[in-house]
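Chemist: Encoded as structure tokens, here's the structure I'll be asking about.
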């Protein structure tokens with residue numbers, strides 16, 4: 001087995017690397033190398049070469065101008081504005097060469113920056129971006145809930161190493177988040193990796209990491225030891241993660257199909273009074289209490305954790321973890337990190353996956369020469385002038401075509417709303433044919449009658465056939481079906497049969513239109529009354545049968561003694577009262593009444609839960 005295969009035959013654990021590999025690691029010297037600490041700023045001279053100050057010199061930037069015009073141009077330059085803002089912030093000015101170097105570094109690293117806030121604002125103003133970057137570097141240790149989750153601007157999330165024991169195309173990576181702030185500031189990634197090994201301090205208790213996620217009503221927390229445990233599986237010893245403590249919670253707090261937490265919606269639109277809103281508001285308060293109680297019970301484990309990884313999406317979730325009285329997690333704690341990769345829903349298995357992802361050394365097998373050639377090709381392609389393809393000219397419509405489109409839009413809207421009288425009036429006013437064809441063509445419903453039949457509008461179908469004179473036999477090459485064949489319910493089909501009876505057999509070729517035998521309006525109404533009576537009779541018989549069954553059950557197991565009201569009589573009264581309330585209501589009003597009943601029942605359950 002080769003040396004490479006021996007080292008890479010199993011995943012490399014960051015805190016327990018082989019001695020041969022650890023002693024030969026070298027920090028990569030390409031773009032993967034972390035940026036060095038900020039250069040020490042030197043004082044700026046304000047005199048000319050002879051040591052004397054001139055009238056056109058800039059005492060802030062230390063530059064000398066030969067003319068007044070040059071001095072005015074310097075005052076309006078980004079270099080002077082940058083030093084002026086640094087002076088207002090109480091910081092020393094920089095030389096022009098240092099300013100140009102800062103802009104070059106900014107252009108190289110801003111596209112890979114991990115800092116979300118730097119990409120906001122005016123992206124075309126490099127001075128504003130540079131000032132934001134310098135302000136963040138100066139306040140890196142300040143207490144801010146938005147800074148504790150970021151590793152700093154312009155820094156890649158992974159530190160890459162090479163080793164003479166491995167081929168030059170293989171690189172080993174470790175997440176920057178595993179190093180302390182001191183190690184990152186001093187770029188001391190070799191000794192930092194060596195000091196984090198478990199064998200470096202065998203006499204001490206192995207360190208541990210605290211991880212937690214909260215979002216969308218889900219919370220998961222876990223404390224994991226650096227030292228894995230050896231487990232025998234199928235005759236071989238394997239390492240497994242040592243979980244010291246873990247806990248998950250879930251509460252219904254997000255508004256289904258609408259997104260966002262209930263507290264966010266309350267902040268934007270005010271407190272909603274629906275039953276669902278009250279349930280979500282109650283669950284948010286309970287989740288906050290449960291999470292804070294759990295953190296308090298884990299105080300010793302959290303205080304002794306070497307690193308703390310937190311994912312808290314949204315201000316409400318951050319308030320659950322930070323900023324309250326006796327909070328264990330503080331915004332300015334240098335141990336706090338954000339997860340430097342995409343995470344999924346907060347669960348115990350997801351936290352285990354994140355721990356393995358963090359502590360497993362990454363292996364890259366990329367040829368750097370090919371990578372440099374690819375970058376050079378991309379740079380040349382970006383520099384090449386791009387020719388925008390000319391947009392195809394939209395053909396100009398004539399007045400007749402525009403009128404045809406307008407009529408199609410208006411007629412479609414009238415048919416969808418079943419406005420039969422308005423439809424006939426529109427056709428008469430604009431002198432349109434009852435067999436009007438839509439523009440642009442509607443291949444499914446080419447004529448008004450086709451569209452009315454497919455929309456299940458019997459009133460419009462009846463008006464078009466009996467009053468407008470639409471042809472029920474019309475078809476098209478794209479739609480070989482007649483209007484009757486597109487009807488989707490019995491009422492629409494009956495409208496065709498009634499029209500056949502009223503217009504007579506000689507008016508149209510009803511057989512060609514595939515319309516069944518004629519049906520008079522009186523026959524249709526009589527059939528509808530008969531079916532309604534049969535349905536009511538069946539429903540009455542079913543209720544009577546249910547009541548008889550309840551009476552028999554009550555006779556065997558009486559629920560009340562004496563003159564108490566029986567269960568059957570209570571049900572009869574309830575059904576009668578409900579029927580009385582729903583009498584004369586439309587189906588929409590009945591559905592609205594039923595929703596109100598359910599909402600009142602839900603509110604009553606909430607009051608009972610809260611002990612009111």
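Cβ atoms are placed via backbone N, Cα and C, with glycine included.
TrEMBL: automatically predicted annotations, no manual curation.
Under the heading active site, TrEMBL lists 262. Residues or ranges marked as compositional bias 'Polar residues' by TrEMBL: 42-56, 260-276. As annotated by TrEMBL, compositional bias 'Low complexity' applies to 472-483. Annotated compositional bias 'Basic and acidic residues' per TrEMBL: 522-554, 576-612, in sequence order. Marked as domain 'VLRF1' by TrEMBL: 205-361. The feature region 'Disordered' is assigned by TrEMBL to 29-56, 253-276, 468-490, 519-612.
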Chemist: Would you kindly list the residues that approach the compositional bias 'Low complexity' (472-483) from elsewhere in its chain, counting only those six or more residues past its ends and only Cβ-Cβ distances under 8 Å?
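Modeler: Result: 435, 441, 443-447, 449-450, 452-453, 461, 465, 496, 499, 508-510, 512-515.
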Chemist: Counting by DSSP, what is the helix, strand and coil composition of the compositional bias 'Basic and acidic residues' (522-554)?
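Modeler: Its residues divide into 33 helix, 0 strand, 0 coil.
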Chemist: Within the compositional bias 'Basic and acidic residues' (576-612), how many residues are helix, strand or coil going by DSSP?
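Modeler: Tallied per class, the compositional bias 'Basic and acidic residues' (576-612) gives 30 helix, 0 strand, 7 coil.
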Chemist: Please spell out the DSSP helix, strand and coil residue counts for the compositional bias 'Low complexity' (472-483).
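Modeler: In the compositional bias 'Low complexity' (472-483), the DSSP-based counts are 1 helix, 0 strand, 11 coil.
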